[in-house]
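K.L.:
Annotations for this protein, taken from Swiss-Prot, read as follows:
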{"type": "ZN_FING", "residues": "25-79", "note": "zinc finger"}
{"type": "BINDING", "residues": "Cys27, Cys30, Cys52, Cys55", "note": "Zn(2+) binding site"}
Amino acid sequence: MDNFNVVANEDNQVNDVKPPPPPPRVCARCDSDNTKFCYYNNYSEFQPRYFCKNCRRYWTHGGALRNVPIGGSSRAKRTRINQPSVAQMVSVGIQPGSHKPFFNVQENNDFVGSFGASSSSFVAAVGNRFSSLSHIHGGMVTNVHPTQTFRPNHRLAFHNGSFEQDYYDVGSDNLLVNQQVGGYVDNHNGYHMNQVDQYNWNQSFNNAMNMNYNNASTSGRMHPSHLEKGGP
């Protein structure tokens, strides 16, 4: 058994040993000795393949020579054309100055100014239903800054009474100016009133207020407590 293993090991060692390379040969085409061994063609020791460094061509020893031009085995170098990459094309197409934000500082100021003017005109139109805005804290409503926010239920005195105005998020895209005078106006976009109806409503309201004021003043003058007592 031991002898069998020794024989097997010797056979494996013999099989693992690679055959020595063949001796250098002269090029079969140009007769140059500047050659090198490459490999065995089809794993056969009888077909060693060589490469000639002089004419840059391969040949197999003992095989037929093909009609290969000088340097035909090497690939010709292709000239590269410097083409811009996709990233460069995108960067050139999109310049830093061409991209503008939706609102820059100047446009934002212009927008706020125009929006403030529209909101002020709307508040002035609502205020005209009751009286001139000069009686309402010296025109405070007309000078509303578009980005200023008031607390809800901000009371403004009006003659002998008062009315409430609620401002929510003045200066945002959705202006909510709620007027609590017998009802709420949720949005100035929903406030539509004919000029003729508004004028008639103002006249009737002013007449009613004047009548109430005259009656109150007349009854106060005619009250017995206001009569001066005469006599000795």
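For all residues, glycine too, the Cβ spot is worked out from N, Cα and C.
For the listed features, I'd like the structural context: burial, neighbours, distances.
P.N.:
For the zinc finger (25-79), the mean pLDDT of the prediction comes to 84.
Look at Cys55 (Zn(2+) binding site): DSSP puts it in coil.
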